[in-house]
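What TrEMBL says about this one:
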type: TRANSMEM; residues: A:34-54; note: transmembrane segment
type: TRANSMEM; residues: A:66-88; note: transmembrane segment
type: TRANSMEM; residues: A:150-167; note: transmembrane segment
type: TRANSMEM; residues: A:261-284; note: transmembrane segment
type: TRANSMEM; residues: A:314-332; note: transmembrane segment
type: TRANSMEM; residues: A:338-356; note: transmembrane segment
type: TRANSMEM; residues: A:392-410; note: transmembrane segment
type: TRANSMEM; residues: A:417-438; note: transmembrane segment
type: TRANSMEM; residues: A:458-477; note: transmembrane segment
type: TRANSMEM; residues: A:511-530; note: transmembrane segment
type: TRANSMEM; residues: A:550-571; note: transmembrane segment
type: TRANSMEM; residues: A:583-603; note: transmembrane segment
Amino acid sequence: MEALAVQALAGLASASSLFLVASGLTVIFGVSRIVNFAHGSLYMLGAYLAWTFVSHGPLAELGGFWGFWGGVLLAALCVGALGAALEMTVLRRIYHAPELFQLLATFALVLIVQDVALLLWGADDKFGPRAPLLRGAVEILGLRFPRYELFLIAVGPVVLGLLWLLFHRTRFGILLRAATQDREMVSALGVDQRLLFTAVFFLGAALAGLGGALQLPREAVTLHMDMAIIVEAFVVVVIGGLGSLPGAFLAALLIGELHAFGILVFPRITLVLVFLVMAVVLVLRPHGLLGAPPGAPPASEQAPPLPRPLPRGLRLATLGALAALLLAAPFLGDYPLILLADFAVFILFAASLHLIMGPGGMASFGHAAYFGAGAYAAGLLLRHLAAPMEMGLLLAPFAAGLVGLLFGWFCVRLSGVYAAMLTLAFAQIAWSVAFQWVEVTGGDNGLLGIWPSDWARGKLAFFYLSAALCGLGVWLLRRAIHAPFGLALRAQRDSALRAEAIGIDAFRIRWLAFAYAAAFAGLAGALFAFGKGSVFPTYLAIPRSVDALLMVLLGGVQTVSGPILGAIAYAGLQEQLARVTELWRLLLGLVILALVLFFPRGLAGALAQWGEKRA
Amino acid sequence: MSTPLLEAEGLIKAWGGVRAVDGVSFALAPGEMLALIGPNGAGKSTCFNMLNGQIRPDAGRVRLGGRDITGLPPRAVWRLGVGRTFQVTATFGSMSVRENVRAALLSHHRRLLGLWRPAARLHTAEAEALLDRVGMLAQADRPCAVLAYGDLKRLELAMALAHSPRLLLMDEPTAGMAPAERGALMQQTAAIAREAGIAVLFTEHDMDVVFGHADRVLVLERGRLIAAGAPEEVRADPRVRQVYLGGGRF
């Protein structure tokens, strides 16, 4: 009994930390409608900066109470200033961009901060000092409990209270709430919105920085803090309801306690549990526990343009290049062949996601789930049933398609950010299963020795196999887009009202499209597994989903050829950058930012525009 | 009167305590043109949206050809032969005019799950015949995002005709159009409807349109029907005059 009580207290302490980060995220979203992927990076920077201030320079010399707490506060303020600076330089330009572009831009910031942190602080973990006045433990019900944790438990409600006062008792807060409801009205009343938005980013970033800085006495500061916290913070914000502070607090408590007790009750599925709770909440309450349905989309939103074929010249050039490549393949070395086979896989992976995002108008932040499902299906068939590669490649699309049917049934009911988050949650569930079900999947060690059949074992043969299957897949997807199914998919995206009024069952169309896309992602995943000879949980992980998203968005969502160009550009860029510099994340991030800011229609869109201008 | 095509019986819908529609009952004969009029906020659109299943009534029934369709989703009502146009046009912005109609035809023929044959080769002649009927054939290739408002209304009409409906529900068919255009569009609609024997139920603010085309007129005020009958009777009804020409309301 006592142990349970202490466990509950530990849950409250982590809930507080989670709330600090999630509150910033939700405040920023509420006002600017931007889902800030880089929020975890700000948290990490808060921790690193606090470490620097506390252990180096004048504050460290001062030492004692002010040395520590001064450092923590200074770190939070610095991160806040950085958030404001980011808002002024980058985010301000993309307020009117589609949601996924905003995610992309903030993800670019994640990459940049990763490398900057590596440059500034190195790869070693950093350990901070204990907090003055809060060292040691107190005795609670006969068990020792760290004082610092007790302090953290209090921080959450105090911050919630202060934020409440700010939002309800100050002019600034009232303006913020007004801007949350109706941006245009507020600016029509003569309020300088820009200042308001910058201030909100300062506030949100400072909260993230504070959250990070307060971790200093608890855990080591590492370069992995950003991704670990951002996923949890997303979960909290989505469960609570985007933009709702009390919701975020409630959800943080829920998740904190879930972690604390999940470890005791279901140690094997703690990771799955969090995302399962999120999925259940979103299915029962699509806008989170305390969230309101989003208002009508801003009036500036235009109807998507007609999908247009690439200019004729460019199309011929592409086909010519493809033919030349197939002919030249026998004269290429092993390394280029491996690379080209990977490209083929990525093209199919991106094209499958494009079906959902482009014609379907749905957002998926967890497409890797189906890529991984195909890979694991092929790998498990080979490992446990000794099924040959051919069988694996044949069954993988069906396995992934079934997973798509299952997950899609939940996901396609939602739209926008909520749909993106639910797909993310399901992908994380799939990842957790692969990671924790060690007997079957090999856990973190993955499945090894997943090699192709003898005839396809050579690099050249495997390249041709990949090119053929991926070509077939892309072709089938393109046919679907131009077939009645594709028309129906676009119909429900363009006008749900009209689609319903002419007898189109939007749910069924979206659901089937989701599963169809998942099947092709599964084929890509199975090919990838045989190409690498192994399957790892990373195949299902967030970075892989983001890869697919980046490829589609780089290429341009509203062009049929976009995903192909995007896959080549993205995979090529990553590969080249990784070869020439250690700092490839930094460069990739900068390139993505440049693309989002200057080519919002993607590469294919930009090319088509360029072609039209010349024509 | 034989079996009515559409029957509303005691429809009630409240929005947060206010009864927008408060016990509306009426019947519509096959091939009849019936206008539903009333001042702003009288409950016309709410009433309308209950008929095709977009809103579920709190009480009351809707019957189509004697069959109870209360609570069916709009797509099911459509399958039973009820076409619909909207007050603010709803079309597929990323498609050409022809593709819009084609989508409706593909849905009618239950071919929307086709993954193989290009849609561009399906039902082209049928789509063009429909566009011809509403006078939009010349614009078949234009993206519907660039159409003039009146043309969008015509496109909606063509889409609503795609499944040879028995009944057309038109919510303010001429809203947002220039006066000259209004007459032309209603003339066209009426001609098509009479030719094909389609019944039309429409709401309208323009009294010229109402009295020029309706066989019968229903007048709604504060959620209740206050008059029903031939245009001349309704025009002479003192209560209707009271509602439209002023009373204690303002």
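Backbone N, Cα and C define each Cβ position, glycine as well.
Just so it is clear, the model here is predicted, and its values are computed rather than measured.
For the transmembrane segment (A:511-530), the most Cβ-contacting stretch among A:34-54, A:150-167, A:338-356, A:417-438, A:583-603 is A:338-356 (pairs under 8 Å). Where the transmembrane segment (A:550-571) meets the stretches A:34-54, A:314-332, A:392-410, A:583-603, the count of C-beta pairs under 8 angstroms peaks at A:583-603. Beyond the transmembrane segment (A:314-332), the same-chain residues lying 6 or more positions past its ends with a Cβ under 8 Å from any Cβ of the stretch are 340, 460, 463-464, 467, 561, 564, 607, 611.
Remote same-chain partners of the transmembrane segment (A:338-356), defined as residues 6 or more beyond its termini with a Cβ less than 8 Å from a stretch Cβ, comprise 325, 329, 332, 362, 364, 367, 370-371, 459, 462-463, 466-467, 469-471, 473-474, 477-478, 480-481, 489, 513-514, 516-521, 523-525, 527-528, 531, 547-549, 551-552, 555, 557, 562-564, 566-568, 570-572, 575. A Cβ distance under 8 Å defines the sequence-distant neighbours of the transmembrane segment (A:150-167), meaning residues of its chain 6+ beyond its ends; these are 9, 12-13, 15-17, 19-20, 23, 27, 131, 134, 138, 173-174, 176-177, 207, 214, 218, 245-246, 249, 252. Through the fold, the transmembrane segment (A:34-54) approaches residues 21, 24-25, 28, 60, 67-68, 70-72, 74-76, 78-79, 82-83, 86, 91, 94-95, 99, 102-103, 106-107, 109-110, 113-114, 117, 120-121, 126, 128-129, 204-205, 208-213, 215-216, 221, 223, 225-231, 233-234, 242, 417, 420 of its own chain, all at least 6 residues removed from its boundaries and within a Cβ separation under 8 Å. Only residues 6 or more beyond the boundaries of the transmembrane segment (A:392-410), in the same chain, are considered here, and those with a CB under 8 A from a CB of the stretch are 279, 282-283, 366, 369-371, 373-379, 381-382, 422-423, 426, 430, 469, 510-511, 514-523, 525-527, 529-530.
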